[in-house]
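First up is the structure itself, then whatever we jot down about it.
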Amino acid sequence: MTAAKIKVLCVDDSALIRSLMSEIINSQPDMEVVGTAPDPLVARDLIKRVNPDVLTLDVEMPRMDGLDFLERLMRLRPMPVLMVSSLTERGSEITMRALELGAVDFVTKPKLGIREGLLDYTQTIADKIRAASRARVRARAEQSAGAAPVAPMLRAPLLSTEKLIIVGASTGGTEAIKDFLTPLPPDSPAVMIVQHMPAGFTKSFAHRLNGLCRITVKEAEHGERVLPGYAYIAPGDSHLLLARSGANYVAHLSQEAPVNRHRPSVDVLFDSAAIHGGKNVTGVILTGMGKDGARGMLRMREAGAYNLAQDEQSCIVFGMPKEAIAAGGVHEVVPLHQMSQRVMAHLATFGARAQRV
């Protein structure tokens, strides 16, 4: 007996985009478009009729604001939503807000008239729809419940060995990273993060986090020193690596080929942390689709790092953590709301502030 196809409803005010999305989705053997809508009001009626598994939603819509529609949808009828965003500053800000409201993930709008690259784009959309269809989606009220307590400051004497927190995430990771970073104290060791995200969105992501956290959050720059009390987000379309300059840690950006079909890649960051950080590293792998980071986390463990993975129950998609656990790179499996505390508790076992200034 063949498995039922993933039912997709496409909502976009552009007839051309609706047509292209339908063509892409219907070309896949395991999914089909069961309806299209030019605006959220039409979509609202269609949802009741066709009961889709996944909704693709344009971030900027007529008649009803896309964010208003998403907020109501996640409160009244939670379902996996994949945002389709334009590559603009306004588009990236709206997309970040949509992810906060409960959207599972986003894709950028296809470049119309450019058939080259459409194959890669087709694969990306298909993969994200598959991941969305398996995502754990909760009502909004449930998502905001049980905020993590503030992690304790590290009050022990300074140690000459500088500690680092190295993080990888994908689908569902923007909110997971926020939940992980916000409890960290101002004297936290430096945090380096790869979140799968295209160019043009990571700066907005870092800016939004910076306004919420007690540490400074920024998009990583090539050659800058990696300092305690800072979190560095890998820029979209660039690998982020840990490097050394004398006794100091520095950020290194690379345009080398994608790894595991991703640039930035979690494995690339984790591999560099294994080489240059070793036992000074605490590794964290959060919600995400695929296996990026699994091999790198094992290499970090073999180099002396202590690694934690988000548990299945709190993941939007239990892909990357599951693969890292299966590969043998993980010491602890932890619910997201306890992750910051567990990381800081582990660092406290060093009996040191875990940083050098």
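Just so you know, glycine gets a Cβ as well, placed from its N, Cα and C.
These features come from Swiss-Prot:
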| type | residues | note |
| --- | --- | --- |
| DOMAIN | 7-124 | domain 'Response regulatory' |
| MOD_RES | Asp58 | 4-aspartylphosphate |
| DOMAIN | 158-350 | domain 'CheB-type methylesterase' |
| ACT_SITE | Ser170 | active site |
| ACT_SITE | His196 | active site |
| ACT_SITE | Asp292 | active site |
Collapsed DSSP category at Asp58 (4-aspartylphosphate): strand
Distance [Cα-Cα, Å, rounded] between His196 (active site) and the residue listed as '4-aspartylphosphate': 20
Among Asp58, Asp292, the most crowded of the recorded positions [Cβ within 10 Å]: Asp292
DSSP helix/strand/coil residue counts for the domain 'Response regulatory' (7-124): 54 helix, 26 strand, 38 coil
Tertiary neighbours of Ser170 (active site) (same chain, Cβ under 8 Å, six or more apart): Gln195, His196, His262, Val266, Thr287, Gly288, Met289, Gly290, Asp292, Val317, Gly319, Met320
Other CB atoms within 10 A, centred on His196 (active site): 25
